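Worksheet: the structure to be examined is printed underneath.
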Amino acid sequence: MTSTDTVRGYDVIVIGGGAPGLHCAETLAEGGARVAVVERELVGGTSAYWGCVPSKTLLRPGDALAAVRNVPGAAEAVNGTPLDARAALAWRDFMVTAYDDHGPARWIREAGVDVLRGHGRLAGPRTVDVDGARYRAGHVVVATGSDPAVPEVRGLRELPGIWTNREVTALTELPGRLVVLGAGPVGVELSQALARLGTAVVLVDRGDRVLPGEPRPLSEAVGSALLGDGVELRLRRAATSARIDGAEYVLGLADGTAARGDRILVATGRRPRVARIGLETVGIQARPRGIPVDERMSCGDGLWAIGDVTGLWPFTHAGQYQARVAAANILGRHRTADYAAMPRVVFSDPQAAAVGETTGEFTATVPLSGVARTATYTRAYEAHPGFVTLVSDGRRLIGAYAVGPDAVEWLQQATLAIRARVPLPVLLDVVQPFPTFSEALFQALRDLEAQLTSA
Ligand SMILES: Cc1cc2nc3c(=O)[nH]c(=O)nc-3n(C[C@H](O)[C@H](O)[C@H](O)COP(=O)(O)OP(=O)(O)OC[C@H]3O[C@@H](n4cnc5c(N)ncnc54)[C@H](O)[C@@H]3O)c2cc1C
Ligand SMILES: NC(=O)c1ccc[n+]([C@@H]2O[C@H](COP(=O)([O-])OP(=O)(O)OC[C@H]3O[C@@H](n4cnc5c(N)ncnc54)[C@H](O)[C@@H]3O)[C@@H](O)[C@H]2O)c1
């Protein structure tokens, strides 16, 4: 144990070097604080190596090919050759920098942040141990993230070789058949990515639709796209047992049937990483969802928590937003988190995006097939499942959701409108360029206006 007179001190120590932890540390260093980030594995965390980046990279080849196949003139330039899975996996390796974190580690050091390699744990107020070395800090930010949650299904936890997001995003060989348990964002995105790369996928969920947390029309559009890619949907079926039969994984389902594959991917949510980080030494009791924080991201005196470990909004962009809120407060500028306009996005093809409320006093839905951009974009426009729905309280937008090409990008207009509380007449006065999918927003606003006039 290091004696107190040799203990190193920082203004702030961030435990966990995922995207939110790094962003917090960088913002604090920019603000003049002496900062260290503790990381026991790879600087960059889940998003960079086993989450957002590899999953979006694995989706992209299928996206691009499907888009080309729907465009007369371009479709003729591609023959029937399937996607080259080896090239796609090589691109994934490039995007995850072959699981080497020298680049991000150098970048954060150049931002003025010390990187302390090892397992960090609180050892009392304003004290952090890193593999036995003791450090003191004015503030400690807990940003330890989350692990995959494997549900209590008979035999599942003991089964050797089950996949979670780590194994599937890092796969080196495509399985012939894959059983995916859980049709949330992880299950949906990776089912489509692998199906398009050549795997036969069975997607199982106890809910009656994919993405059960989102509005039904959005789930239905994404579900039918998955069916179109050959994904077999087994909905309304909870998993009840799991076993290996020879070389085959067998997932028993509540209706007495079974799903069989060369692999099982468990995509049934996340649980906060709160074990062995010394929360008890500072009097914090984590809840099942995570560390409770106030709107400033504070969880105690000189103690803060951000990212997945809070269990609030398990997205990289949400954790980074919380990082800015915590950093501002630590630097003495009062700031509170506002989640009224938190974007929720699924990078399936078509993309699905939502923000804010999903129901309200007034709603207006416009199909994308009625927007000129769609006809120039794809020959499949008549059958296009795309749409946008706006939700209003009669004065402003309070929510929006959409399915369609690049929906994740153009629905951001609604995010801005909700966050900035823009009055509906001002939104109606916004010019949308022609021909863009954004024109659907204008049409939906006009529909809202008509409803309000006749109300
Ligand atoms: C397959 C998949 C796809 C996703 N896609 C998206 C997406 O497209 N968009 C999006 O916004 N979100 C996406 N997410 C969610 C996103 O990855 C997470 O919300 C984000 O990574 C959370 O960041 P975090 O820093 O809280 O946790 P993490 O990224 O897990 O970082 C925590 C870090 O802390 C380290 N650590 C933990 N405990 C200790 C300790 N005691 N000492 C030292 N270090 C420690 C870990 O090694 C890790 O590096 C996806 C998630 C998955 C699984
Ligand atoms: N594009 C993105 O932003 C993105 C992408 C991937 C993941 N993420 C985030 O990562 C987190 C984890 O995602 P996820 O998809 O693993 O979790 P999730 O909680 O969103 O979905 C889990 C799904 O598993 C199902 N399920 C759970 N137990 C089951 C059982 N025993 N039998 C059958 N079905 C069962 C649930 O009904 C649910 O549909 C999410 O919060 C998500 O927002 C975000």
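Glycine is no exception: its Cβ is also placed from the backbone N, Cα and C atoms.
According to TrEMBL, the FAD binding site annotation covers K56, G120, T144, G145, S146, D308. All protein chains included, G145 (FAD binding site) registers 24 other Cβ atoms within 10 Å of its own Cβ. DSSP gives G145 (FAD binding site) a coil state; it is part of no helix or strand.
For G182, A183, G184, P185, V186, G187, V188, E189, G269, the entry in TrEMBL reads NAD(+) binding site. There are 27 other CB atoms within 10 A of the CB of V188 (NAD(+) binding site), with all protein chains counted.
Annotated domain 'FAD/NAD(P)-binding' per TrEMBL: 10-323, in sequence order.
For the domain 'Pyridine nucleotide-disulphide oxidoreductase dimerisation' (342-443), the DSSP-based tally of helix, strand and coil residues reads 34 helix, 32 strand, 36 coil. Sequence annotations record features per position, and here TrEMBL assigns domain 'Pyridine nucleotide-disulphide oxidoreductase dimerisation' to 342-443.
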Pairwise C-alpha maximum, in angstrom, for the residues (G182, A183, G184, P185, V186, G187, V188, E189, G269) that bind NAD(+) according to the record: 14
Filtered binding-site residues, from K56, G182, G184, G269, whose Cβ is under 6 Å from an atom of ligand 2: G182, G184, G269
Which of T144, S146, the listed binding-site residues, has fewest other Cβ atoms within 10 Å: S146
Alpha-carbon distance [K56 (FAD binding site); G184 (NAD(+) binding site)] in Å: 15
The one of G182, G269 whose CB sees the fewest other CB atoms within 10 Å, among these binding-site residues: G269
Closest of G182, V186, V188, G269 to S146 (FAD binding site), Cα positions, binding-site residues only: G269
Where G182 (NAD(+) binding site) falls in three-state DSSP terms: coil
Among K56, G120, T144, G145, S146, D308, the record's FAD binders - longest CA distance, Å: 30
